[in-house]
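Feature list (source: TrEMBL):
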BINDING   40-45, 152-153, 177-183, 202-206, 271-274, ALA328  GTP binding site
BINDING   SER44, THR183  Mg(2+) binding site
Amino acid sequence: MFACCCAESDERTKAIEKELHKERKILRRQIKLLLLGSGESGKSTFVKQMQIIHGAGEFTADEVRAYRQQIYQNVISAMRVLLDARQKLNIKWENPEKAHNVNKILRFTGTDFMKGIDFTTFVEVTPIIRDFWEDASIRKTYEQRNLFQISDSCQFFFDNLGRIAMPDFHPTNRDILFCRKATRGISEHIFEINKIPFRFIDVGGQRSQRQKWFQCFADITSILFMVASNEYDQVILEDRRTNRIVESRAVFETIVNNRAFSSVSIILFMNKCDLLEEKVPKSDIRQYLDDFTGDHLSVRDVQFFLVDKFEASRKDRARPFFYHFTTAVNTDNIRRVFKDVRESILEKNLEALMMQ
C-alpha cells in the first residue's frame, strides 16, 4: 500500500517537473517586447494592430460591446472639451441660439463616464453634438486644439456620427483603432508569430504610471519606444507647460542610457506621421522648438529633425540605433514596419533561440 502511494507520488512529481520544464522552455524562446512612451503616443493602438495582424484578426463580441460604449464616451467627452475650450478662447458662436444646448453636453461628469454611456443616452445627444460640430465656432476652436487637451481621434468619430448612432452599430477594426482609452497599469498580450511567442507589455505612459515601468524590465528582448511626432506644438496633460516632444525625449534619454538595457535593442517609432503631415503646413515648429534649422514647411525636414533630437540623447554612440516612421491606425503600415522590426529582433536573438 505504502509503495503504491509512493509510486503515484513520484509519477505526479515527474509530471509536474515535465510541465515546468516545458513552460521554462517556452519562456526562454519567448520574445519579450516592452512598449514605452509618453501618454497618447500610440502604444495601445499598436497592440490592437498586433491582434488584427497576428492574433484572431478581429475582436471578441465582449470587446466590441465595450469599445462601442467607449466610443460613445469618446464622442461626448471630446465635445465637452471643445465647448469648454470655445468659451475659454472667447470664440463667438456662429449661431448664438446653439448656446442654449451647451449644458446638455456639459452635464456629463466623470461619474457618468465611469458608469458607461448607453445607446439611449447617446442617441439623445447625437443631434446636439452634430449641430455643434457643424458650427464654425467649434471648427475654429478645433483648429486651435494644440492649446488644450483633446484626443486626436475625435474628428474621425464626429465625421461618422450618423453611423455610430445607428441601433445596429458594431465598431469595425478601424473604429476600434481610433477608440481612445487611457492605459492604467500593465497589460500583457501574447501572439505566436511563425511558431515563436511574442509577448507585448503595454504600460501606461502618463507620469503617474511610469513607476510601474520598472516592474517590467526583467528579461526584456527589445523596447519599442513610441513618440507622437505631431505633438511638437502641444504640452503634456500633467502640468500643461512642458512641451510633449521635450518630455518624450527626456524619458527616452533615461531609458536609452540605462545600464540595465545595455544589451537590449531599443527601437524608436516616430508615430502619427499622418497627423504630422497635416500639421506641418499649419504650425511652425520653430515657434516651439527653437533649435530647428531646416525648412519648417518640409515634413521630411521636421521628421529627421525629431529623429536626430532623440538620437543625440544616446551616450553610447557605438550602439546601433533603429527608428521607423509609423501611423499606428494604418494596418498596412504597421504590418510592414513590424515585419522589419521582427526580422531584426530575431536575427539578433537567433543564436539564443537555436540553443533552446
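Count begins at 1; order follows the chain as displayed.
Just so it is clear, glycine is given a Cβ too, placed from its N, Cα and C backbone atoms.
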Assigned conformation of SER44 (GTP binding site) - DSSP reduced to three states: helix
Residue pair ASN271 (GTP binding site), THR183 (Mg(2+) binding site) - Cα distance, angstrom, rounded: 17
Reduced DSSP assignment, VAL203 (GTP binding site): strand
Between LEU177 (GTP binding site) and THR183 (Mg(2+) binding site), the C-alpha gap once rounded to whole angstrom: 14
DSSP three-state assignment for ALA328 (GTP binding site): coil
Residue among binding-site residues SER44, THR183, ASN271 with least C-beta crowding, 10 angstrom cut-off: THR183
Cα-Cα distance linking THR183 (Mg(2+) binding site) and SER44 (GTP binding site), given in Å to the nearest integer: 7
Distance from THR183 (Mg(2+) binding site) back to VAL203 (GTP binding site), taken between C-alpha atoms, in Å: 7
LEU177 (GTP binding site) in three-state DSSP notation: helix
Cβ neighbours within the same chain of LYS181 (GTP binding site) - under 8 Å, at least six residues apart: SER44, GLN70
